[in-house]
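Trainee: First the structure, which I've put down as structure tokens, then a few questions once you've had a look.
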Amino acid sequence: MTQTPAKRLYIKTYGCQMNVYDSERMADVLRPLGYAMTDEAEGADLVVLNTCHIREKATEKVYSELGQIRLMKQRKAEGGGRMTIAVAGCVAQAEGQEILRRQPAVDLVVGPQAYHQLPELIARAHRASGERLSADFAPEEKFDALAGSRQVKGVTAFLTVQEGCDKFCTFCVVPYTRGGEYSRPAGKILDEARQLADQGVREVTLLGQNVNAYDGCDGGLASLARQLAKIPGLDRIRYTTSHPRDMDEALIAAHGELPQLMPYLHLPVQSGSDRILKAMNRGHTADTYLTLIEKIRAARPDIAMSGDFIVGFPGERDSDFEATMNLVRQVQHAGAFSFKYSRRPGTPASAMPGQVADEVKDERLARLNALLNEQQQAFNDSQVGRVLPILFERVGRHAGQLIGRSPYLQSVHVTAPAGLMGQIAQVRIDSAARQSLAGTLVEESVLA
Ligand code: SAH
Ligand code: SF4
Ligand code: F3S
């Protein structure tokens, strides 16, 4: 008997790690329908763009990519084949029908809460009739329907624990694209984590737009982390992204007590100016943020700090920007992301007076980046000479080389036997660049 060849599925992922996770789950729900992943859009039977709406550039990229894919669809049709094009993610949620208008080659639009309906939507699109839009909110259903059957490669994995946001920062689209805060029940997360550990995962990153607002069990994220830490094989736990407002005492304490909780924290502050923070509706000041960092460092002195920054928010003066630079100098980051303010339709900040000229944004961004890069290099330099536990997760470019992760989320290049893949070994750090470290295996750890 001959086997039906697999249908080819191409998924392109934009935006945050929630989307990376969602893309994997889309592949999972489509697998039983005979779809297998391919690395090339050309010739694929189903192309899914999992999109991001956070900044204007992100959205425009999607439309230009769709232009390319439309041509591939035409080529496939000329050869007698059929390519189905689906737009998923936050642009799908935010723009819905508008996408079909701007790019008629698109067959279906599916919002982040409807991925479990993908098989049905695709079947419908193939009948070329009926509902083409699925963008309503019901996160519980999504997670229940996507539960089970998860296949992972590798020793690190994402695990979504929370979705959505009720904070309504005035610049941000997320509350509109992902809906209100929803936490998955802890029992379901623990089941999924056990499945991951059974497949060899050693490090799990808990995901949520406001992950530390997690309330799917008593005691919140700190309690969830403590329960996850009991799962044999799960040696490392991380979480992202956190909001300063939800960084509670219990979570800070957990950083001091749970060895599995890695000493790296992405805690966006956005600005160092209280005027701007207020206009952003962040609900914290520069001072409360700095006090928080002090408390976290008291609990876990070696914690590496990361964050997000926006320059050129409406009304940002030179003095406000200097306040941001000052805050950055005080925190000392191991890494961070910085963005030029992007005006998002429908958000309160887009209608605020005092929009900042692009040249000013460029200049501020360049200065901020220079400072952040300097801090990243300094942080990496400070690791030279230390011995760190490194989790090996992929092969390096050079023969005999493995690349692993330090507790501080740095990439570390090491000459090491292939058998150490997926293991944690002690490595002495020899040198540091801005994006990665190089080190030598400590002899005893090879024998262990
Ligand atoms: N929920 C997370 C992540 C939000 S999106 C959080 O609150 O931290 C990731 C980052 O994108 C934000 O932290 C912010 O720095 C940036 N961002 C969001 N909207 C933006 C906009 N309109 N312009 C520029 N940057 C933006
Ligand atoms: Fe956006 Fe603010 Fe919510 Fe983060 S906390 S997702 S920046 S609204
Ligand atoms: Fe982008 Fe949506 Fe994530 S807008 S950052 S993909 S939540």
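A Cβ is built for glycine as well, from the same backbone N, Cα and C atoms used for every other residue.
As annotated in TrEMBL:
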type	residues	note
BINDING	Cys16, Cys52, Cys90	[4Fe-4S] cluster 1 binding site
BINDING	Cys165, Cys169, Cys172	[4Fe-4S] cluster 2 binding site
DOMAIN	7-127	domain 'MTTase N-terminal'
DOMAIN	151-378	domain 'Radical SAM core'
DOMAIN	381-443	domain 'TRAM'
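Could you tell me the structural context for the features on the list?
Mentor: Summarising the environment of Cys90 ([4Fe-4S] cluster 1 binding site), the number of other Cβ atoms within 10 Å of its Cβ, over all protein chains shown, is 27.
Under a cutoff of 8 A between CB atoms, and with a sequence separation of 6+ in the same chain, the neighbours of Cys172 ([4Fe-4S] cluster 2 binding site) are Ile54, Cys165, Arg344, Thr347. In the three-state DSSP classification, Cys172 ([4Fe-4S] cluster 2 binding site) falls within coil.
For the domain 'MTTase N-terminal' (7-127), the DSSP-based tally of helix, strand and coil residues reads 65 helix, 24 strand, 32 coil.
Over the domain 'Radical SAM core' (151-378), the average per-residue pLDDT in this prediction is 96.
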Trainee: Starting from the Cβ of Cys169 ([4Fe-4S] cluster 2 binding site), draw a 10 Å sphere and report how many other Cβ atoms land inside it.
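Mentor: Result for Cys169 ([4Fe-4S] cluster 2 binding site): 21 other Cβ atoms within 10 Å.
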Trainee: Counting only residues 6+ apart in the same chain, whose Cβ is under 8 Å from the Cβ of Cys16 ([4Fe-4S] cluster 1 binding site)?
Mentor: Cys52, Ile54, Gln209, Thr241
Trainee: From the centroid of the CB atoms of Cys16, Cys52, Cys90, the recorded [4Fe-4S] cluster 1 site, which same-chain residues not already listed sit within 8 A by their CB, in sequence order?
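Mentor: Result: Tyr14, Gly15, Met18, Asn19, Thr51, His53, Ile54, Ala58, Gly89, Val174, Thr177.
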Trainee: Please go through the binding-site residues Cys16, Cys90, Cys165, Cys169 one by one and keep those whose C-beta falls under 6 A from any atom of ligand 3; give the result in sequence order.
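Mentor: Cβ under 6 Å from ligand 3: Cys16, Cys90.
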Trainee: Running a distance check here. Ligand 1 versus the binding-site residues Cys52, Cys90, Cys172: which have CB less than 6 Å from one of its atoms?
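Mentor: List returned for ligand 1: Cys172.
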Trainee: Under 6 Å from ligand 2 by Cβ, which binding-site residues from Cys16, Cys52, Cys90, Cys165, Cys169, Cys172?
Mentor: Cys165, Cys169, Cys172
Trainee: According to DSSP, does Cys165 ([4Fe-4S] cluster 2 binding site) sit in a helix, a strand, or coil?
Mentor: coil
